[in-house]
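Data block below; observations after.
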Amino acid sequence: NSRTTRSDEDKDDSWDAWGAWSDCSRTCGGGASYSLRRCLNGRNCEGRNIRYKTCSSNDCPSDVGDFRAQQCSAYNDVKYQGHFYEWIPVYNDPTAPCALKCQALGKNLVVELAPKVLDGTRCNTESLDMCISGICQAVGCDRQLGSNAKEDNCGICAGDGSTCRLVRGQAKAHFSPEKREETVIAVPHGSRSVRITLKGPAHLVIESKTLQGEKGEHSFNAPGTFVIENSTVEFQKSTDREIIKIQGPLGADFIIKTRYSGSKESVVQFFFYQPISHQWRQTEFFPCTVTCGGGYQLNSAECVDIRLKRVVPDHYCHYHPENKKPKPKLKECNMDPCPSSDGFKEIMPYDHFQPLPRWEHNPWTACSVSCGGGIQRRSFVCVEETIHGEILQVEEWKCMYAPKPKVIQTCNLFDCPKWVAMEWSQCTVTCGRGLRYRVVLCIDHRGQHVGGCNPQLKLHIKEECIVPVPCYKPKEKSPVEAKLPWFKQAHEMEEIITASEEPTFVPEPWSPCSATCGSGIQVRDVKCRILLAFTQTEVELPEEECEDVKPPTERVCHQVSCDSDPVPYTPEFPRAEDGSVIYDWEYIGFTPCSATCLGG
């Protein structure tokens with residue numbers, strides 16, 4: 001309204017000129033001032049005879065009380081219904097925000113002590129809107145009456161939100177007996193709209209650190225509102241849930257921690273607007289590349305700590321991806337011709353006269369690892385081409401206008417080969433204790449059999465096995481001769497080995513025993529072979545290609561005793577009371593080893 005009265009209504013001849021502005025209703029914290037004018041033709045003027053504006057918008061000192069509370073306390077020495085009371089304000093009354101409603105301290109007594117609060121009193125605690133002549137008027141964050149300007153999420157009046165960034169996410173707090181406390185996230189100085197929610201048995205703890213380096217730790221035993229480093233902290237607590245709310249801006253860095261009280265894991269969700277504390281700033285232009293005849297000069301950008309107002313290393317400005325370093329600016333310089341003593345240098349635009357400096361890179365280094373994800377690097381130099389086509393290395397700042405290519409990249413991201421075990425074979429005996437075997441291959445990320453696996457991590461290829469069938473000797477009516485080399489009837493099964501995609505020793509079948517009775521010799525061929533997966537054919541390889549121990553090619557065999565052989569053992573069989581023979585096992589010993597070396 002005040003804007004329209006100053007434009008259209010000022011031209012109305014029926015009104016006198018506006019009078020001077022009154023004194024402000026307040027000396028700080030935002031008040032109101034008014035101006036009056038007189039209707040010259042009686043009471044037939046259109047429009048208002050009073051206008052308002054805000055004033056004294058500067059913040060009040062911290063020791064000055066609330067304006068509405070001051071108005072309530074003014075009635076402390078006035079009797080109400082025959083009694084004196086100490087009055088405190090009632091805030092945020094939706095029905096009458098500009099009436100002075102107060103409550104008697106310690107009593108359930110709320111009274112409207114005045115129909116209007118003084119001009120400049122806030123309508124409610126949530127906004128800057130103020131009461132003027134008993135009516136709530138809109139006030140923007142620019143403290144102007146009738147303004148719709150609002151603070152952005154960064155706390156900037158009518159801002160666009162570009163001076164802060166939203167940080168949100170969640171972290172799982174892992175309990176361990178050795179670690180009773182864990183840092184979740186650091187919320188920096190100046191952050192706003194902070195909300196931390198913990199779900200689980202742990203407890204939230206705030207560690208504060210001021211810009212002067214002073215530290216403090218704050219834990220909460222009960223819900224309530226607390227002041228930490230000039231920041232109002234609201235703490236809420238329920239079963240298995242704790243919430244911290246801070247409107248901000250924070251007066252210090254707040255490090256949010258969890259402290260464990262049980263073995264169950266907790267989840268912490270966080271949300272806040274973080275001020276952009278480091279920004280890029282353009283530097284002055286560097287010296288010209290030449291002293292005459294036409295050259296160029298560049299500037300750069302440096303990272304500045306906004307709070308401390310000093311230049312810091314570039315990596316401080318890389319803490320979030322939106323904060324990109326601006327490209328250098330380039331301009332021509334020293335375009336005057338060179339003196340004749342130096343020879344005349346033709347003046348042409350720099351991009352035609354001489355190509356701009358550029359980055360030249362060396363080849364990538366070998367990857368740091370052969371598998372599992374590594375890095376490789378390359379180096380860069382700034383080069384410049386002369387008029388005669390010579391390539392010269394120059395200072396790096398001359399290439400600042402051009403984006404520098406990547407100096408590091410990931411490589412060999414595929415998984416490393418690993419040992420893969422096949423199915424176990426059958427047990428090598430049909431009763432009692434024996435062995436079983438399996439094939440263990442080194443397989444790469446494509447499923448191909450390759451080398452490169454750590455031999456120390458190779459899975460074992462054989463283990464003991466027990467067949468749950470008892471070994472026994474058949475009951476006979478008369479004593480029998482023990483047959484060498486075994487007294488038990490355990491039948492040794494010959495392990496069948498076939499060619500695979502890994503070089504393997506493959507034995508041929510044993511020859512018949514060289515003797516028809518008594519002890520003899522059996523022989524066989526053992527060859528190194530491999531199975532070609534594509535054609536499914538077997539190929540013979542040199543023996544050194546097979547890494548396993550070569551199976552024996554010769555062994556002792558035992559047939560039935562010859563007539564001339566002495567009977568090695570004729571046991572005396574005890575008999576039961578009914579005359580039947582009782583049998584029992586007796587250990588005789590091992591046969592000679594089937595090989596003299598390399599395992600038999």
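Glycine is no exception: its Cβ is also placed from the backbone N, Cα and C atoms.
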Residue among Cys45, Cys55, Cys60 that, according to TrEMBL, closes a disulfide with Cys28: Cys60
Cysteine of Cys45, Cys55, Cys72 paired with Cys24 via disulfide, per TrEMBL: Cys55
Residues of the domain 'ADAMTS/ADAMTS-like cysteine-rich' (83-164) by DSSP state, where helix covers H, G and I: 0 helix, 27 strand, 55 coil
Spatial neighbours of Cys28 (disulfide bond) among the disulfide-bonded residues Cys39, Cys45, Cys55 [C-alpha, 10 Å]: Cys55
Nearest of the disulfide-bonded residues (Cys24, Cys39, Cys45) to Cys60 (disulfide bond), judged by Cα-Cα distance: Cys24
Alpha-carbon spacing, Cys24 (disulfide bond) to Cys45 (disulfide bond), which is rounded to whole Å: 27
Cys39 (disulfide bond): tally of other CB atoms within 10 A of its CB: 15
Cα-Cα distance linking Cys45 (disulfide bond) and Cys55 (disulfide bond), given in Å to the nearest integer: 28
